[in-house]
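Pulled from TrEMBL:
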DOMAIN    607-802  domain 'YrdC-like'
TRANSMEM  7-26  transmembrane segment
TRANSMEM  32-51  transmembrane segment
TRANSMEM  63-84  transmembrane segment
TRANSMEM  96-117  transmembrane segment
TRANSMEM  124-142  transmembrane segment
TRANSMEM  235-255  transmembrane segment
TRANSMEM  262-286  transmembrane segment
TRANSMEM  298-315  transmembrane segment
TRANSMEM  322-342  transmembrane segment
TRANSMEM  348-368  transmembrane segment
TRANSMEM  437-455  transmembrane segment
TRANSMEM  467-485  transmembrane segment
Amino acid sequence: ESLHSSVGLWGISAGSLLLAVHFYSLPRAAPLIPSTALGVLLLILSSLLAYAGIRRSLRNASLFLSLCLTISVFWCSYGVVFILEGQGVLNDTGDFRNALVPGLVTFTLALLIIAVVGFLCREVILAMIASAVSLASAHEVAMHYSTAFGSSAVACNYMIVCLVGGYFALGRILYFLTKEKIALPGTDLAKKKTHEEIQSTSGSMNHFAVTGLILNMLSASVFGCRLLGVTGKLFIGQVPWLWAAGIYQIGICILSYRSMDVLMATFFGFTSILKFAGGYCLLYPIWQPEEPSFPTPFLVVFSILFVVLALFLTLKSPVDGLYLLFYVAYCIALACRPKGFFEGGPQGVDVAIFVASALMTLIHLYNVKARAKIPTGKDAVKALLARSSFLKLREGADLHAPYLGYSKYADAEVLGYACSVLASFAITMTGDPQAPLATVVIPWVMVAGGILKLLGGSVAFARGKTLESSAFILYAVMWIIWGLTRYGGLYGTTRSFHAAVGIIAFMLFNGFIVFCTLFLNIAWFFYSLTFLLIAVSFLLDAIHALPAGYDIAATLIFGLVSFYCFLSALFNSIFEGSCLPMGRPIVQLSGVGGGMTKCLHLPARKASSVKRIADILKNGGTCGIPTDTVYVLVAACNRPDAVEKAHRSKRQAQDRPMSLWISSLKQLEPAKHLFSPLLWDFMEAAWPSPISLVVPRGEWVDFLGMKDSAKYVGTPQSIAIRIPDCSVTTHLINLVGPIVVTSANPTGEADTTHHNQVYAKLGDKVDAVLCDGPSPENIASTVVDCTKIDSGNIGFFRVGIIPKSQVLQILEQVQKK
């Protein structure tokens, strides 16, 4: 905690020192730091601040997170503007001012809000830094509009930030290095730590929402300043603010999924699309003199999605739901004006969004830090729904837990389906072959259909949804390639042929996905099947044989199916039960997913699950469990019937005998005299670890109560034995006693690295599976031959995760001892 605080504050101090030097030397003919060099340094420091803020946020929800991320996005955009100036892009009179002012206005207000909340919550050091940077930005705005304001005032504010931040960072570093013995006055956080830790664990508030709201202020400021006459024009110099806001907004979307906030993550994903589209429109005049036009159907659909999201968010927080209505109005305003962002109507809504975002930033930030909360109506809606017998909000610690196992992310399928709707309606605009970029389609297809769909696929993969993630990623690649090809003016005769071949390959892949969805559910089957209509549209257009109206028909069919999936995913993430079900699998075959219904699936995080698995093993059952390497199939040693069942279910080969696991050497203590001193010391040094030791079979086996099970374990001459380095597994062995173990896959197949694979391979042959998501390792244990260890030699039956050198080093240390 101290280290990340120090890195963040020293990053702020370093950037402030650079800017102080820059503004002190500004009156000179040649500044000390060239604009390009200053911009590159600010970009490096902005990435450092983002890292420090995110890493610190994993520990607690302090104001430090909001400050670091806000200054990070500020300096990222600021640095790019300086680079553009240094490269001569902003060469017209007033260009530099028009480029800088929208961002400076935003961060003046945003940092002032952070400072006010900091003073109210007694975070004095951070509040002083935020207020000084805010004053520096305000002075810089005044400096651009009046010569009476010199650059020295800006430099003085940055020097204050540099000194205060450097002092606090030095105090935290000393506190860290001296192990809490030296604490400079004002830098000791020990008194605050208990309160912050309690506060961070209470509730499930999204602490990243504040930064996302500030990013909404930033994009709204660019267009709002033009309407109010603060800036003279919209041009390429303001693109850094918009695209930096879009990139950071996608990051906030991902972090919101980490905070288990599906609705706000979806909202931030939506707003990132608008930011990238705004930046694209300001870049367009580089290629064509006229302003681009907007596809009306897309924006109408976008407003509908915002309405639906606002309704669901109102159930969680009415204030947040009302805030989303500003974006509904924004999409309608864009749809009504053919030139979109460049017209007064949408820019007027931008001003309203700026003010609303500032108020929401204050509310969210204060409610994160302060004990007394600003009311948002959350409890009122919860109390109202408590009276309803039809709708009941989902709550509890397992609200966003996946169907099986554990995930660090909430489900992103809501965003994935919504992006399918948006991308499909974006292609209803045919585009002008002579000016393919004149219609704003590429941002909608590239960001919604491509980037955000890739994000949804990655999150689905992290949650163990292999098929869904594969489909999302495949469709994302398809949208990106097709969007650039069709609406980027890349077509030629040869390219058309090559594009058609590629599309046919994609259709073959999608055919395989359609086949797999037969075993998933009805909704996914129709979702993947109707995407074939979109792929056919791409193919017909590539070979110049697209019938009139086919695009619209394919869009309507795929868009409506995607919209149903979007609503279903929203309902299932908010309410208990299935108001809009995804349906059952169309095909159910024995052996194909059959294990999911025939055997128990229990989350490994719960102690009650481990106890239940133990009871099953004691009663003669076989189970699949996670370990420190891959998943394994286990049975209790003292149940010969269970061991025989495990042996049969695995089709165990003679060269792959079953092994024996214990939880502690104390279980072998009564038979210690039957082991040589060197072997005993080697076992003591090697375990617990992913090292299996093959030892000579002997009378010690009888001490473990194996009885008739012994004939299935090991070979007539030896037995492999191990103590796993996994708390869940050792706890289970403590409850059951020694267990017989084999890999959870038919002999000859690859190791099993996920509980879903246990179902696929052995689901109908085991009684239960303890689910813990992906294995920590994809490699099995190292198997060491210790039958001749007394002569000083060991061999290796299998070199797994532990290398030979490490095992030999352990043996060498034991021999010296």
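Glycine residues also receive a Cβ, built from the backbone N, Cα and C atoms like all the rest.
TrEMBL labels come from automatic prediction, so no person has curated them.
Cβ atoms under 8 Å from those of the transmembrane segment (467-485) belong to residues 413, 416, 420, 423, 441-442, 445-446, 449-451, 453-454, 456-458, 460-461, 491, 495, 499, 502-503, 506, 509-510, 513, 516-517, 520, 524, 527-528, 531, 535, 538, 542 of the same chain, restricted to positions at least 6 beyond its ends. Looking at 96-117, 124-142, 235-255, 262-286, 437-455, the range that has the most CB pairs within less than 8 A of the transmembrane segment (7-26) turns out to be 124-142. Here the domain 'YrdC-like' (607-802) returns a mean pLDDT of 85 for the predicted model. Within the chain carrying the transmembrane segment (322-342), a Cβ under 8 angstroms from the stretch's Cβ atoms is held by residues 223, 234, 267, 270-271, 274, 277-278, 281-282, 291-294, 296, 299-300, 302-303, 306-307, 309-310, 313-314, 348-350, 352-353, 356-357, 360, 440, all 6 or more beyond its ends. Listed by sequence, the residues of this chain that lie at least six past the ends of the transmembrane segment (235-255) yet keep a Cβ under 8 A from its Cβ atoms are 50, 54, 57, 69, 72-73, 76-77, 80-81, 84, 89-90, 95-96, 98-99, 102-103, 106, 208-209, 211-212, 215-216, 218-219, 221-222, 265-266, 268-269, 271-272, 275-276, 278-279, 282-283, 285-286, 415, 447, 451-452, 455, 459. Scored on C-beta pairs under 8 angstroms, the neighbour of the transmembrane segment (348-368) with the top count among 63-84, 96-117, 262-286, 298-315, 437-455 is 96-117.
For the transmembrane segment (437-455), the neighbouring stretch richest in Cβ pairs under 8 Å, chosen from 63-84, 96-117, 262-286, 298-315, is 262-286.
For the transmembrane segment (96-117), the list of distant contacts is 63, 66-67, 70-71, 74, 77-78, 81, 84-85, 90, 126-128, 130-131, 133-134, 137-138, 140-141, 144-145, 214, 217-218, 221-222, 224-225, 230-233, 235, 237-238, 240-241, 354, 358, 361-362, 365-366, 369-370: same-chain residues at least six beyond its ends, Cβ to Cβ under 8 Å.
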